[in-house]
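Okay, here's the structure, questions in a sec.
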């Protein structure tokens, strides 16, 4: 029982990071109808920047700000640069350009900083606190959960309650009509990218202290699992990404604890396959127009 | 001559020319040629799948690995069986078994490769038939990450070490003439030809027409009596068979299959080769495969001339950087890929 409580709690912490990263993928998919395969590489660039800033100034919070701003800047650069030139009629070229970006960014990072893992200290202790004699969550896990909750609430508020959010949703949903109504669609797409990559960089920053350390490939597994999460949730749906993220986080934690860590990717693959076979567009996707 | 006969004749001629060319190459080049041929089989499958049906698979490395594992397991179990039965005969005839002694494990291995890759491809294809672009990409991506996990959980796959594939020595009659690398290049080139030629025929025929129809407008294809699900699943299976044969060829050349060799990086390189060559073009796939094999080597040679500190950092990364730039440039500026520079046949 103690083990179960501990594993579920650890899964929740990991799941919140997964959900955050998955939501960043959902944001860019909604804004630009592109699956950004370079999200992990771009996030890691942001984490490197934050790490360097923390090392230079000694302040973790400046590092966080640096990572998020670098992420936003990268999002703008990617969207204004190569991805704006991609033909819009089918999703394939966008995906391929993003794959090219992954290679450029990861190889560039490895050339600039070396491929070795750099240890990254957590800003809070990582020893689990006990709750009634049961070790549950560490202060760092609590920080992760709280940050993820605050950011998601902030995103929900921005998309649902502000004029900017309304314009972002309108531009994503009906670009032509929005343009006629005075929404600057191009700018909205750019903002979508900036928000998305900034959130991804934050998720990467939260993840890195719990893993081996910072390397150009530090967020690869996070990306693949978050992509699976976003697909399970339905790519279009932030609540779907949140629920699927927590679910996948708990699932991998349970499999790691009760079976073996090596089986966790297989469990994710199995869940993904099962969900897609029952609902090919994910659990919470909007209805498609009928095709025949 | 019908189109099909012409394709067969041309494919055999090209194969013979490439095999003749191995006499002009040193052992290392022959090893590279064999690797490129194995990669070509997989890239050809991928390029037909993406170019004709628009399904982006990021998991073709896993299909190659499936072929490799199928080959290694079937082949080594046949070797184990025959050596149990005829241990005296083998030891009596000297260290190396005769031509018949290696032919049976080879054929059994190929059958194993085709069955394993085909079944996995069919399962993926059935899933792919229901999924659109990003969903399929996500599924195949999760598959790539799950490979090393599967290798350590499923016993016969041998964990991170992988499986050894039995060594195929040069047959006695040729032993005086060619080195083992050249022999393996012959095998790999022949296997690649056997894998790719059916794709050529498929693409030129009715099946290719159906694939294009489904890709262009699924609803219209449905109204014309085509079952898009079946076409997509079939295309995926055909593509997987080709990739699996490539995996078997790579298992023969390297005498080993391990999950590390078929990671995410390699899987993305297969996509890169298909894109750079030009999606849908088999000649382009050949160019792309040669690039994928030789460019990292050339980049490492170049980096080797620089100071040691820089070499360690550039190792492997310089080629990756180049590939990334080339893929972006090709997708944005020349979507037809390098195949545009090939002479076009009238039937393409």
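Placed from the backbone N, Cα and C atoms, the Cβ positions cover glycine too.
All TrEMBL annotations are machine predictions without curation.
Taken from TrEMBL, the feature transmembrane segment applies to B:7-25, B:31-54, B:61-83, B:103-128, B:135-158, B:183-202, B:268-298, B:318-342.
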Between the transmembrane segment (B:31-54) and the transmembrane segment (B:268-298), are there three or more C-beta pairs closer than 8 Å, counting only pairs 6 or more apart along the chain?
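As far as Cβ distances go (cut-off 8 Å, pairs 6 or more apart), the transmembrane segment (B:31-54) and the transmembrane segment (B:268-298) touch.
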Which residues of the same chain, at least 6 past either end of the transmembrane segment (B:61-83), have a Cβ under 8 Å from a Cβ in it?
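38, 42, 45, 90, 101, 104-106, 108-117, 120-121, 124, 140, 143-144, 147, 156-157, 162-166, 239-240, 243-248, 250-252, 256-257, 259, 261-264, 266-267, 270.
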Which residues of the chain, 6 or more past the ends of the transmembrane segment (B:318-342), have a CB below 8 A from one of its CBs?
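Apart from its flanks, the transmembrane segment (B:318-342) reaches 265, 269, 272, 275-279, 281, 283-284, 287-288, 292, 295-296, 298-300, 302-303.
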Using a Cβ cut-off of under 8 Å, list the residues of the same chain at least 6 residues beyond the transmembrane segment (B:103-128) that approach it.
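Beyond its ends, the transmembrane segment (B:103-128) has Cβ neighbours at 55, 57, 59, 62-64, 66-79, 82, 136, 139-140, 143, 165-166, 168, 191, 232-241, 243-245, 247-248, 251-252.
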Considering only Cβ pairs under 8 Å, which range in B:7-25, B:135-158, B:183-202 makes the most contacts with the transmembrane segment (B:268-298)?
B:183-202
